[in-house]
Amino acid sequence: MNLTALKNMPVSELITLGEKMGLENLARMRKQDIIFAILKQHAKSGEDIFGDGVLEILQDGFGFLRSADSSYLAGPDDIYVSPSQIRRFNLRTGDTISGKIRPPKEGERYFALLKVNAVNYDKPENARSKILFENLTPLHANSRLRMERGNGSTEDLTARVLDLASPIGRGQRGLIVAPPKAGKTILLQNIAQSIAYNHPDCVLMVLLIDERPEEVTEMQRLVKGEVVASTFDEPASRHVQVAEMVIEKAKRLVEHKKDVIILLDSITRLARAYNTVVPASGKVLTGGVDANALHRPKRFFGAARNVEEGGSLTIIATALVDTGSKMDEVIYEEFKGTGNMELPLSRKIAEKRVFPAIDYNRSGTRKEELLTLPDELQKMWILRKIIHPMSEIDAMEFLLNKLSMTKTNDEFFDMMKRS
């Protein structure tokens, strides 16, 4: 029996399963307590129970396997991992672990891990010899992540504009600069769907910090990947804990030579949360930002890199501007030069209801020649020369009009050549 499978079952099915096992009064219990009772009953019959989760090591040396379903929030169905197991397999916070578990004994509150079967979807022996993330060699992104799906849909137009304006590679550190109501969430959804469709080999994680609950639900339903969220009604310490767990998990997967992509909405809200949580240093910057507050969000954003030894970590984050808050301006200015891809959205274009509201002339990727073929790069530069004299609204309308006549960007360039 698998603990994760039980968590994914609806309560009605769990109650039916429990009643078959001879358990009573389940209808009045919470879901976690029902699972608890079923597993205890199952263990009495001497059968094996399996569980998995992402390890969080606490200050006392022991750890717990947290569940992604509850956005890594501590819960009664977390699995205890002893310090001896952590030392034996050289485990660190963020490791994804699956193995055999046992129910709590008398006086215990949590399930405990008996045997480790896999670490980061790999054999436990392989986990000991991996190179730490900090010791890996960072390089410029040189392997392209294509966004275009080629199905001619209106959603694909966004992906195609993105491919032309600022190509994304594995290991990119991208910043989407967005004023309010410019369509940043929809843009992120489009990017997530394109990645899931074109690059199923990549591990996709969407991290929503300080977002509205209905947007979280929408994202979970639309995106084929892990959606981790901390909504605006949660405390700042919770935002920080969720972000730390996600970045640690991503780093551990990169150590195993996996390509990981994190879409973060938004880095401004994350920096605000760190500003609330960090102990006061006494030095305060403009807008009420503590001098030490931006170190940790910069470490989060700076983790994005293409790795020479294999694997990559791509982070595409949104930064809020024109919100009327001085703090948001300061945070944006601090992050402005750190990315190697920038995609500014325009409020003017969005107000005219032209989407995607991308400011084509100001967007771009550093070292884009490493991501595109020389022939394609030449065509992209010619397109920029044509669009440059136009205003931002005219440029976007012109581009969308021409793109909608064709299914793919290659066809679009051929059409451009003929005309």
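Placed from the backbone N, Cα and C atoms, the Cβ positions cover glycine too.
Quick look at what Swiss-Prot annotates:
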type: DOMAIN; residues: 48-123; note: domain 'Rho RNA-BD'
type: REGION; residues: 61-66; note: region 'RNA-binding 1'
type: BINDING; residues: G169, R170, G171, Q172, R173, G174, K181, A182, G183, K184, T185, I186, R212; note: ATP binding site
type: REGION; residues: 284-288; note: region 'RNA-binding 2'
type: SITE; residues: K326; note: site 'RNA-binding 2'
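On the structure: features taken from Swiss-Prot.
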{"residue": "G169", "record": "ATP binding site", "DSSP class": "strand"}
{"residue": "K181", "record": "ATP binding site", "DSSP class": "coil"}
{"residue": "R212", "record": "ATP binding site", "DSSP class": "coil"}
{"residue": "K326", "record": "site 'RNA-binding 2'", "DSSP class": "helix"}
Rounded to a whole number, what is the top Cα to Cα distance in Å among the residues the record ties to ATP, namely G169, R170, G171, Q172, R173, G174, K181, A182, G183, K184, T185, I186, R212?
30
Test of understanding: give the count of other CB atoms lying within 10 angstroms of the CB of G183 (ATP binding site).
20
These are the binding-site residues: G169, G171. Which one scores highest on other Cβ atoms within 10 Å?
G171
Which Cβ among the recorded positions (R173, K326) has the fewest C-beta neighbours inside 10 Å?
K326
By Cβ distance under 8 Å, which residues at least 6 away from the ends of the region 'RNA-binding 1' (61-66) in the same chain are close to it?
51-55, 72-75, 78-83, 86, 91, 93, 97, 110, 113, 245
Taking the Cβ of T185 (ATP binding site) as the centre, count every other Cβ atom within 10 Å, in any protein chain shown.
18
What number of additional C-beta atoms lies within 10 angstroms of the C-beta atom of R212 (ATP binding site)?
14
Which residues of the same chain, at least 6 past either end of the region 'RNA-binding 2' (284-288), have a Cβ under 8 Å from a Cβ in it?
275, 325-330
